[in-house]
């Protein structure tokens, strides 16, 4: 098994070394810029070669990326009827235990890449950027919810956001207020960290960089100077972290690589929104919006000098706390209505 994984890593690294060498020829002349169609054909060709060389790994990673939506479907459409259970299974199994086991069983160099990335993330937390990102998303999200929630003045809009308290009760969230508040903080703090690790670090490396790579220091056929491409040499062991790739040395193609990962991230939210808001229209809007949001989060994680993993967690947390506040708002409204309707 270890020998097979070593061969896999050789297949991943050798073509990249060869391409970078070709682009840094002694002539220092600019290569002809490649068109988007050429880049797409090249990315698909490399992906096909990697898939043929490592089919088992590819199938496993794709199934892992699809597992959150599978868990949501099972827990929603079976007698379980528990999105709460689905969330905890997804967090514990798909986003923590399986990736950790995969990293431990892989070659030793694999865990070094993750340690390097997170060591730099803790050294460059970029807290001001993270807090600004959190506040911006939280303010915009709350404003949109306040403007679009279903009430008398918004009935004429093409879409509005209905109350989901009945559906939350049906799907396992019929809990006392202290438990709901604790769950809200868990969702707003723990969920972003686990999701950012799983989608933007683990799958970005293991699925994106292995199967959909592009040259790490090349743009439009011209090699970037090393001082521009890299900014860190951790542990004095030559392990470089590129401002544009995490962790492992190769950036991921825009299409199909990064779009695939962002779509996998957004896909299971379609089930949640559809079931809680009873609207395919809102679920489709959420799906498209979260694909774009996933691309933004990926950009944060891939540029640790400007943003980084911690800033991405803050950005993600802002959106999750909007969901918390929307549910709390509905609970308070219902209690107020019940109190007003109660006989004196």
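Backbone N, Cα and C define each Cβ position, glycine as well.
Under the heading transmembrane segment, TrEMBL lists 58-77 (among others).
TrEMBL lists 84-105 (among others) with the feature transmembrane segment.
Here TrEMBL flags 125-148 (among others) as transmembrane segment.
Summarising the annotation, TrEMBL assigns transmembrane segment to 168-189 (among others). Cβ atoms under 8 Å from those of the transmembrane segment (168-189) belong to residues 76, 81-85, 87, 275-276, 317, 320-321, 323-324, 327-328, 331 of the same chain, restricted to positions at least 6 beyond its ends.
Among residues of the same chain six or more beyond the transmembrane segment (279-297), those with a C-beta under 8 A of the stretch's C-beta atoms are 159, 161-162, 196, 199-200, 258-259, 261-263, 265-267, 269-271, 273, 312, 315-316, 319. Feature annotation from TrEMBL assigns transmembrane segment to 279-297 (among others).
Note on the transmembrane segment (309-332): residues 117-118, 121-122, 125-127, 129-131, 133-138, 141-142, 145, 149, 161, 163-165, 168, 177, 180, 184-185, 187-189, 191-193, 195-197, 200-201, 293, 296-297, 300-301 of its chain, located 6 or more positions outside it, place their CB under 8 angstroms from a CB of the stretch. Residues or ranges marked as transmembrane segment in TrEMBL: 309-332 (among others).
Outside the transmembrane segment (84-105) by six or more residues, the chain places 1, 64, 67-68, 71-72, 74-76, 111, 114, 171-173, 183, 187, 190-191, 194-195, 197-198, 202, 206, 268 with a CB less than 8 A from a CB of the stretch.
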